[in-house]
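Annotation comment: Swiss-Prot describes C122-C185, C224-C280 as disulfide bond, evidence class sequence analysis. Sequence annotations record features per position, and here Swiss-Prot assigns domain 'Ig-like C1-type' to 206-294. For N107, N197, the entry in Swiss-Prot reads N-linked glycosylation site. Residues or ranges marked as phosphoserine in Swiss-Prot: S351, S354. Look at Swiss-Prot and you will find 22-111 tagged as region 'Alpha-1'. Annotation comment: Swiss-Prot describes 112-203 as region 'Alpha-2'. Summarising the annotation, Swiss-Prot assigns region 'Alpha-3' to 204-295. Taken from Swiss-Prot, the feature signal peptide covers 1-21. If you look up Swiss-Prot, you'll see 22-305 marked as topological domain 'Extracellular', on the strength of sequence analysis. Taken from Swiss-Prot, the feature topological domain 'Cytoplasmic' covers 329-369, and the record attributes it to sequence analysis.
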Amino acid sequence: MAPCMLLLLLAAALAPTQTRAGPHSLRYFHTAVSRPGLGKPRFISVGYVDDTQFVRFDSDAENPRYEPRVRWMEQVEPEYWERNTQIAKGNEQIFRVNLRTALRYYNQSAGGSHTFQRMYGCEVGSDWRLLRGYEQYAYDGCDYIALNEDLKTWTAADMAALITKHKWEQAGDAERDRAYLEGTCVEWLRRYLQLGNATLPRTDSPKAHVTRHSRPEDKVTLRCWALGFYPADITLTWQLNGEELTQDMELVETRPAGDGTFQKWASVVVPLGKEQYYTCHVYHQGLPEPLTLRWEPPPSTVSNTVIIAVLVVLGAAIVTGAVVAFVMKMRRRNTGGKGGDYALAPGSQTSDLSLPDCKVMVHDPHSLA
């Protein structure tokens, strides 16, 4: 594996609802960060349905609890939150042990700050068959161990992870993971999609434009922006006379805009005076047809000050999105997508939904020890 930065069952009376055709995914991200001299490690857990964060737990909160991040989850009965809060607190203890174990495996001192992360979940197609299951761990921003696509074997990233691999193989942990990913995870994904049906199926088409930036040696940079789109999957390409410039294009990862939508840009360096020969093409499921854009010289009445102000605002939005970059990067690596912050959806129901007792909603992490 290449190193990477990991920077409800509805009440029976509720009628079935339609959801946007797949694929759909349910993923959870756990992060523990040690901070010597400042108390216990901080533990954060977030859950995503597709590109929307819907639950969160933070051990540093005044009253650490599993909490909803979208309005449609506020319909769920209190028992659900109590049960998941206890699960999250148990996971927090396992992650603290794993941090100490990793220090020993890597022969590191306890004086520095370290991170231990986990991502797990499932992705299904439009027929609700499992496309991919995930169970991955990282230490200090690099891959540690991961369940392979066959959901039967593990890949260890280094010699320390081999110790863990042998222990988990002997314990048969992959079988338990596979049962969760193929069964429980898919079922809960279906339930969450039903709960969020009014908002999760939405598509927001991108607003796109091209900016021009001066460079030395008679060159300019053309940057194609796509803003305000959802879901996160999008493709930006530059073409010269109809030929794609894949090798010469700079492309950033899709980033959350902070309002429940996403943003992305792609740029090329072109000869001064040849800007009109280059076209940007934007492909997104929210568009009836792909967009084709060229750089348009601004009217003479537009001052440089106004242009600079616009770019400053766009830059600030990008910085805001970087706060959750590791989640988006994991998503891009595992699904081929390029993906947020998360919009609070208008709730169509105000009463609590009664959820039948379900023993497993989230999946306990493994201990390295």
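A Cβ is built for glycine as well, from the same backbone N, Cα and C atoms used for every other residue.
Between the CA atoms of C185 (disulfide bond) and C224 (disulfide bond) there is a gap of 38 Å. Under 8 Å, Cβ to Cβ, and six or more positions away along its own chain, C224 (disulfide bond) finds A208, H209, V210, L236, W238, W265, A266, S267, C280, V282, L293. Recorded residues C122 (disulfide bond) and N197 (N-linked glycosylation site) have their alpha carbons 19 Å apart, per Cα-Cα distance. The Cβ of N107 has fewer other Cβ atoms within 10 Å than any other of the glycosylation sites N107, N197. A gap of 49 Å separates the Cα atoms of N197 (N-linked glycosylation site) and N107 (N-linked glycosylation site). Helix first, then strand, then coil: DSSP counts for the region 'Alpha-3' (204-295) stand at 3 helix, 54 strand, 35 coil. Sorting the region 'Alpha-1' (22-111) by DSSP state (H, G, I as helix; E, B as strand; all else coil) yields 33 helix, 28 strand, 29 coil. Of all the Cβ atoms in the protein chains shown, 26 others lie within 10 Å of the Cβ of C280 (disulfide bond).
Across the range of the region 'Alpha-2' (112-203), the DSSP-based residue counts are 36 helix, 29 strand, 27 coil.
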